[in-house]
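Peer 1: Pulled the feature table from TrEMBL, pasting it below:
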ACT_SITE  B:Glu58  active site, proton donor
BINDING   B:His56, B:Cys86, B:Cys89  Zn(2+) binding site
DOMAIN    B:5-115  domain 'CMP/dCMP-type deaminase'
Number of protein chains: 2
Amino acid sequence: MINPFSDEYFMKQALEEAHKAFDEDEIPVGAIVVCNNRIIARAHNLTERLNDVTAHAEMQAITAAANYLGGKYLKDCTLYVTLEPCNMCAGALAWSQISRIVYGAGDKKRGFSAFSPSPLHPRTELITGILEEACADLVKRFFVKKR
Amino acid sequence: MINPFSDEYFMKQALEEAHKAFDEDEIPVGAIVVCNNRIIARAHNLTERLNDVTAHAEMQAITAAANYLGGKYLKDCTLYVTLEPCNMCAGALAWSQISRIVYGAGDKKRGFSAFSPSPLHPRTELITGILEEACADLVKRFFVKKR
């Protein structure tokens, strides 16, 4: 039997969130948290609307997932995010002890790997490049629109 | 005339916040944001009460200060925090473009400098070691109590 719950399947859900951000004139990044193949948190970047640099998709998704689970650690969860997390979000993910992080497009300038080679929790698995082109294209289109 | 608004003066205010965290059985870290010698945000660590790894004193202080100012950048502000910020908080402070960061005690294991040599905004001034002993002692006392 084919497992419908692939990384591509869940990244499409994160991309849907990123599209919402795009439509709201926010830098288009979306994130979801999955636990036992169930989406327990959905979020998109809201830094403009909330006037808050900490309102990245990942930060909101971490807070929402912990709230759903009733505990602050996300040890059996996967975060799917369309863009490589920044240093702030990587730091938050480290504190959460999340099991897996899957991101779409890399972010050479602002992604965590530009600052810290290993800021994540040592037990966190990192998967990159899932639906990379679609994730990157959305960000590119946003900045073209902004020019 | 003596200027009453020294770094020591404001760090004492941050220490007051850290004491509140201690009394609430939270890792005792306190932070304030100052703009034109006026305290515009006060916060202490609430990760246990809120069940949220992102609820560090600094993160809350950044959000509260931006809310007070009505804009997300803290360009003319100073953050006073009793302990060296972690990678997450350093990343958030970088996004905020804050003018100055003053911390009390260093944190060799979890402080940002253990992960990233320069995660802060290039225009952010960093001052360290203000009331270092009092800030460090409070954290030590907390972990002794927890044993």
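Even glycines carry a Cβ here, placed using N, Cα and C.
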Peer 1: How do the residues of the domain 'CMP/dCMP-type deaminase' (B:5-115) split into helix, strand and coil according to DSSP?
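Peer 2: Across the domain 'CMP/dCMP-type deaminase' (B:5-115), DSSP assigns the residues as follows: 43 helix, 28 strand, 40 coil.
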Peer 1: As a test of the contact definition, list every same-chain residue at least 6 positions from B:His56 (Zn(2+) binding site) whose Cβ is closer than 8 Å to its Cβ.
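Peer 2: Residues satisfying the criterion: B:Val29, B:Asn45, B:Thr47, B:Pro85, B:Cys86, B:Met88, B:Cys89.
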Peer 1: Using a 10 Å cut-off, grab the number of neighbouring Cβ atoms around the Cβ of B:Cys86 (Zn(2+) binding site), all chains included.
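Peer 2: Around B:Cys86 (Zn(2+) binding site), other Cβ atoms within 10 Å: 26.
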Peer 1: What count of other C-beta atoms do you get within 10 angstroms of the C-beta of B:Glu58 (active site, proton donor), across all chains shown?
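Peer 2: B:Glu58 (active site, proton donor): 28 neighbouring Cβ atoms within 10 Å.
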Peer 1: Mind giving me a neighbour count for B:Cys89 (Zn(2+) binding site)? Other Cβ atoms within 10 Å of its Cβ, every protein chain shown.
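Peer 2: Counting Cβ neighbours of B:Cys89 (Zn(2+) binding site) within 10 Å gives 30.
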